[in-house]
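Single-structure report; data block below.
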Ligand code: RP5
């Protein structure tokens with residue numbers, strides 16, 4: 001069976017951030033399909049990807065972009081599959097431009113927007129896993145174990 005999670009980004013330069021989503025999904029044993037799909041540089045590729053996403057078997061799309069970050073919203077306009085948007089930290093405005101571009105979708109076309117940068121990408125991966133875990137008890141168990149390990153790693157007192 002093919003990947004149920006697609007990770008797309010507007011540029012090669014976004015990969016340093018978006019790899020965090022891929023890494024956590026790999027840790028959880030979730031296969032991903034990773035692509036560069038730019039809304040303004042490769043609009044036909046973006047359209048073809050989004051229109052084919054359901055038939056291609058994707059259940060969640062994680063889309064990262066920076067600056068005038070219209071990629072997640074454009075993909076959400078073209079498919080009903082849940083889109084999780086990751087604002088990539090931009091050079092000029094530190095990602096506040098990316099965040100506002102992605103989060104302020106008009107009612108009716110949602111993009112689940114995460115934090116700016118690597119934390120957002122990691123959490124997008126975790127949310128994608130949580131969505132899939134609703135119908136996958138083995139994945140749910142792996143996700144619970146992943147979270148438990150994070151809790152177990154917190155010491156009661158700070159160490160010198
Ligand atoms: C956006 O412009 C991309 O998502 C990227 O975050 C930003 C800069 O792209 P490059 O100039 O590095 O290709 O389209």
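For all residues, glycine too, the Cβ spot is worked out from N, Cα and C.
Just so you know, TrEMBL annotations never went through curation; they're auto-generated.
Matching 35, 41 to the substrate binding residues that TrEMBL gives (11, 14) identifies 41. Mean per-residue pLDDT, taken over the domain 'PurE' (3-154), amounts to 98. Checking the binding-site residues 11, 14, 41 against ligand 1 with a 6 Å cutoff on the Cβ atom leaves 11, 14, in sequence order. If you draw a 10 Å sphere around the CB of residue 41 (substrate binding site), it holds 11 other CB atoms from the protein chains shown. Residues 9, 10, 12, 13, 36, 38, 65, 66 surround the recorded substrate site, their Cβ atoms falling within 8 Å of the Cβ centroid of 11, 14, 41, which are themselves excluded.
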